[in-house]
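Here is the structure we will look at.
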Amino acid sequence: MSGKTFSADVSFPQTGFVGATFQVVIDGRDPQANAQYQWRSSQPWVSVDNTGAVTFTAMPTPQTRTVTLTATLASSEAVPLVTSFTINRWFINAKAEKMASAAATAWCQSQGNGFAVPEASMMTATTSSTPSLREANGKLWNEWGPMALYRSGWQLDNYWGAKTQGATREMVGLVGGSFYWVPDSSQHLVTCVRSLQ
């Protein structure tokens, strides 16, 4: 969990990856109140514990991408609290291995399931080297923040994007969500995306 708070009326999250985690806070203020509830997830690839901490443990299918979380007050007959979200894009990574541009494209294709190197616009809202801002906007960094916080192979470094411009290719820093153009012969980390829509 990265410390950013989103309100319940925004569409968060829309992106996912194994190891993604966030906490639902019942009253929007005090997470300790979560312990009064019994929590349940509608999908087996999403776990939720008695503190309301939600974790993605496996890749969903297009049929299982919508998740409903239910919190039932253990000590009363009150109506359960329900929230739902739908994942549109799923990301994987090549851990700490750096590759040149063409090798990154080939590696993503070799993963099957329609995986490909994502366009930078799928990872960040910015188009400059200025760090981006956290938003619930369906873009990987803006939703989740510094990716290395989640372990599961993510590194404190830069990742290839899909678009090219002459002998350069776009790149995104998944520490601050910054955007760059770099030589396509340089070596950088690799993430791949699959649409679940």
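Don't overthink the numbers, they just go from 1 along the chain as shown.
Yeah, the Cβs are placed from backbone N, Cα and C, and that goes for glycine too.
Taken from TrEMBL, the feature domain 'Invasin' applies to 2-71. Summarised by DSSP class, the composition of the domain 'Invasin' (2-71) is 6 helix, 23 strand, 41 coil.
Here the domain 'Invasin' (2-71) returns a mean pLDDT of 94 for the predicted model.
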